[in-house]
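Okay, structure first, notes after.
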């Protein structure tokens with residue numbers, strides 16, 4: 001029996017059959033097999049236990065790794081993430097020295113921006129390329145690109161060469177972070193991987209926090225070039241450890257065949273959309289006014305290009321970079337919103353708390369990095385503790401909720417920071433915010449991976465990373481706009497206290513760039529300037545609190561699922577990609593057929609009800625007996641909705657006779673609805 005015949009047979013099942021009957025008739029895995037003696041990947045069995053869904057997977061011959069080997073692999077993965085995160089912030093304290101060395105004030109901001117832009121733009125492509133060529137080769141390639149970029153940056157003899165090198169670093173760094181997350185998903189079960197994601201989150205937090213300190217130390221004690229030289233030996237160690245110890249299955253994909261399989265149209269459009277949007281944010285209010293044609297066109301065309309990308313991925317991409325089925329599940333949508341909220345809020349602390357320290361406390365850039373350590377340490381502790389909790393208990397929703405409550409409370413406390421706040425307040429508020437930030441690095445990722453088809457783990461994780469990057473970039477810009485507008489409103493007071501010249505230097509777009517002037521003002525003027533700075537930061541903190549509260553509300557829509565310890569490694573390579581593409585097409589065709597049959601059923605019921613009207617009108621009391629058309633229409637509406645929104649979350653299709661056919665949609669209340677309709681008599685003329 002062909003797969004098409006199976007689809008027609010499934011679509012033609014009588015309405016009295018329940019979904020459970022259909023599932024029993026279509027048992028199987030539907031996964032591609034690479035070797036005959038390999039254990040098959042079974043379909044996830046989703047059982048109801050105590051009102052919670054339990055993900056049960058059978059072992060797929062995953063290598064039994066010793067604790068020592070796992071520790072060595074995790075050391076290398078943590079090293080890669082540490083260096084990628086370190087390079088985001090290590091140059092912040094070295095920028096003035098670098099700019100002076102090359103006599104280029106124009107390239108000051110682009111040294112940092114080039115890394116972030118290339119990082120964000122490259123993230124979606126890394127995931128899909130790893131599906132085609134395998135995780136290990138792409139992870140090693142990302143390491144090589146990062147090291148090459150670091151070497152060029154260290155040897156740069158012009159500002160243009162340094163900016164280009166930072167872009168190369170960003171491409172490699174984006175691959176390192178996202179591929180480490182994907183690799184952990186392949187190495188460990190849903191329940192176990194939370195602990196390892198927690199470790200990665202803690203490493204990321206520490207690296208980001210100590211980056212300015214290390215950069216300042218290198219700049220003052222040796223040379224700014226050591227900010228990049230340091231990557232070579234450390235990343236070299238990570239490279240060779242992964243080369244010899246990472247034991248993931250690697251497909252033998254021919255290079256040319258693999259390159260042909262890449263979705264080049266999708267890759268180019270998503271890179272273009274990301275760069276245009278982020279360039280618009282980068283230029284707005286700095287290089288060009290926000291209402292200028294350049295800024296508006298970049299942002300609008302960036303969004304339009306992203307829409308074109310989504311259309312291409314849905315209609316034409318054979319091996320899509322971003323699977324739109326990801327957005328068919330309400331839990332996934334809620335999870336990705338929480339990811340955006342987390343990225344939007346937490347970056348504000350890393351960006352604007354140092355501004356508070358420098359403007360109000362008179363700290364140097366290096367010292368302001370030290371003052372952020374309470375956030376970094378509490379974030380690391382909560383991230384690791386959350387990973388352990390998920391591994392022990394197998395639940396991810398409680399950490400998400402508790403974290404969002406603490407995140408909202410912590411950033412709400414920042415509103416209370418003023419020019420006279422003591423260290424007890426500053427440290428306590430940071431600890432609360434850090435405890436709320438840490439769990440949200442891995443808990444939403446576990447929630448997302450638990451509700452997707454395992455074949456889509458790479459594209460889903462890449463989407464997760466892209467959304468977080470866009471959130472952080474958008475957050476910094478919007479926070480800056482709110483802060484600058486607040487400082488503009490304080491200009492009259494500043495002119496009265498400081499005079500027109502100093503007030504102009506501390507107003508609007510100049511406020512953040514000239515904070516060092518405050519420390520050199522006379523005591524009375526310094527106190528007035530610090531007071532206005534603290535007041536101007538409050539509306540910005542209020543905005544972040546509102547966004548965090550919105551994320552807390554949305555998190556209620558994340559469904560619960562208890563995670564088990566069984567695990568099956570995701571297959572990669574062209575054969576697996578071809579099988580997955582065929583499976584997606586069958587699933588899409590099945591959903592369309594289900595929708596068509598639902599529409600036909602509604603029309604049939606409406607026709608039956610219409611034919612019964614003449615006979616009904618001849619009854620003695622002239623009243624109309626109840627018909628099932630209204631109930632059926634409502635039921636069919638629910639059926640159509642669930643058939644589109646809920647696909648099997650296991651990642652394996654059911655099959656008959658060894659051939660793949662699309663999965664049967666899960667319709668939770670359909671059996672009850674059908675039984676009611678079958679038992680209700682319908683009058684006929």
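Positions of Cβ are set from backbone N, Cα and C atoms, glycine also.
Annotated by TrEMBL as transmembrane segment, the relevant range among 138-157, 418-437, 438-457 is 138-157. Ranges compared are 31-52, 163-184, 471-492, and TrEMBL records transmembrane segment for 163-184.
Taking H, G and I as helix, E and B as strand and the rest as coil, DSSP gives the compositional bias 'Basic and acidic residues' (584-596) the counts 13 helix, 0 strand, 0 coil. Proximity of the transmembrane segment (333-354) to the transmembrane segment (293-312) is not established, fewer than 3 Cβ-Cβ distances being under 8 Å for residue pairs spaced 6 or more apart. Under 8 Å from some Cβ of the transmembrane segment (366-388) lie the Cβ atoms of residues 89, 93, 194-199, 201-203, 205-206, 208-213, 216-217, 349-350, 353-354, 357-358, 399, 403, 426-427, 430-439, 441-443, all in the same chain and six or more residues away from its ends. Counted over residue pairs 6 or more apart, the CB atoms of the transmembrane segment (163-184) and the transmembrane segment (541-558) come under 8 Å in fewer than three pairs, which marks the two as apart.
Contact count against the transmembrane segment (400-417) (Cβ pairs under 8 Å) is highest for 541-558, out of 70-95, 230-249, 261-281, 541-558. Long-range neighbours of the transmembrane segment (138-157) within the same chain, counting only residues 6 or more positions beyond its ends whose Cβ lies under 8 Å from a Cβ of the stretch, are 80, 83-84, 87, 126, 129-130, 164-176, 179-180, 183, 225-226, 228-229, 231-232, 235-236, 238-239, 242-243, 246. Residues of the same chain lying 6 or more positions beyond the ends of the transmembrane segment (70-95) and with a Cβ under 8 Å from any Cβ of it are 108, 111-112, 115-116, 139, 142-143, 146, 150, 169, 172-174, 176-177, 180, 183-184, 187, 196, 199-200, 203-204, 206-216, 218-219, 224, 227, 231, 234-235, 237-238, 241-242, 245-246, 350, 365-366, 369.
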